[in-house]
Amino acid sequence: MSTMLWVVVAAVLLFVLPVVRVPMLDLTRRNIIRWQRGGIQKYTTRYYGFFHPYCNAGGGGEKVLWKAVQETLLYDPNCSIVIYTGDVDSSPKEIIANVIKRFDYEMDFNRVQFVFLKYRKWVDGSTWKHLTLVGQAMGSMLLTIEALLRFVPDIWLDTMGYPFGYPVVRWLAGLPVMTYTHYPVISSDMIHKIEIENQKQPSKKGTLKLIYWKLFMKWYQYVGKFVDVAITNSTWTGNHIRSIWKRVKIKVMYPPCSTEKLVKNSSPTAYETRQNQAVLIAQFRPEKRHKLVIQAYSDFISRTASKDHFKLVLIGSTRSEEDRAYVETLKSWAFDTLKIPKESLTFKTDCSYDDIKKFLAESTFGINAMWNEHFGIAVVEYAAAGLISLVHASAGPLLDIIVPWDSAKKQQLPYSDSTKDTRTGLFFKDKSDPDYKPTDAQFNNYGSLADIFEEANSLSIAERKQISERAKECASNKFSDNTFNHAWDHALDELEHKTSRLGSN
């Protein structure tokens, strides 16, 4: 079936579903055949359905998913979990093995079942060559319908960010909806940027694009009406979602970052034994800006040719052949084009969590170069493990993680009190940033990535230890798994209240 036909089908469903209820699904919910490659086993009458089409990706979003699953199983000892995933090329055993390997999470996996979705391509941007935002939104509606036709849970939890399916969940199955949003699908900043571009260079294409995005924003605002409990992962995301879903109470719940384990493995007395080495832990995807890091590292090496410079290790998971090809492209560019010595730069793909902890324990610096990283679990891991974070001055790393810290009072300070004695890392800006303005004062307050590489490399051992200890204290106070567990339990309490209200209607 062609892409356009699917769009037409989804459009029809969008307008028909609110008017024509489908009683078959309510009946199916009571008498559904519990299945999953051999049959979903019936443990209780309460099923929590986690909609996460890429549950095997191994990134920060998946860490949130699996910690939420673990805590939900503890919260309700009689419940079962259903994971809706499009990872049809992996078996349940393989997915579970990856959870243990990547995140070191153990739970009662006998109560975790998988519903495999055949049409995940509908939410893949590459499927929609034109009108990508609308295509993916329509696709998420269709994928939600597929999920509900295969299995109807008692509660719908979206931990990946497909909000356009929420009306479908309510209309078809009457379920309460809880969402954990990592980033907005579209934001007022994005629209404002197009408005400015259109003012500078007016065109019919620009005008149509602006209308298209504003209409899409209206749709995004509308689907928020179907959310019962809304959670965001950071201050930056929370501020944007509040401006979009104005009638919804938004909670900020920092992702689980396992800071307890990392702080425990980091000994202040062993700091001098750390290698002069920087790590970048991020999925191998272009938006993580590996090319910027490699270029900055090349520039940094050229500046410090006669000095000792830290080594760089790029660590990340690969989800597909496209990701693996991207890694090979980076290697060729770094070693063949930029002539970076192979002994200075190392690539590590699909490492186990134990391997990652080893790199964190022996390294001195941690890098995150993504622009507007909505949160940045890897940055928290750097801080908790005692690394000095070298990060982009935006969103989560700037607003939530690498913040001024008072060690005496063990509390975060306002940015106005930021000094060398309270800093927990170093920040940079780059001319390639989408919001770069040469006249903007904030860009003049930060050096380039190569600049902070040089600054970090020249820090004394005493300075490194002080920054490291402040960062560890901050991370362990704000981002522990235990903190997430308590917050998740409170959210489930609220959801219980919503469930009771919906059930009485």
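Here the Cβ of each residue, glycine as well, is placed from N, Cα and C on the backbone.
Keep in mind it's a predicted model, so treat the numbers as computed, not measured.
Taken from Swiss-Prot as is:
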INTRAMEM  131-151  intramembrane segment
INTRAMEM  375-395  intramembrane segment
TOPO_DOM  1-4  topological domain 'Lumenal'
TOPO_DOM  26-130  topological domain 'Cytoplasmic'
TOPO_DOM  152-374  topological domain 'Cytoplasmic'
TOPO_DOM  396-505  topological domain 'Cytoplasmic'
TRANSMEM  5-25  transmembrane segment
Practice task
List the helix, strand and coil residue totals of the topological domain 'Cytoplasmic' (396-505) as derived from DSSP.
Solution key: 64 helix, 9 strand, 37 coil
Handout entry: Integer average pLDDT (0 to 100) for the topological domain 'Cytoplasmic' (152-374)
Key = 90
Handout entry: Summary of DSSP states over the topological domain 'Cytoplasmic' (26-130), given as helix, strand and coil counts
Key = 44 helix, 16 strand, 45 coil
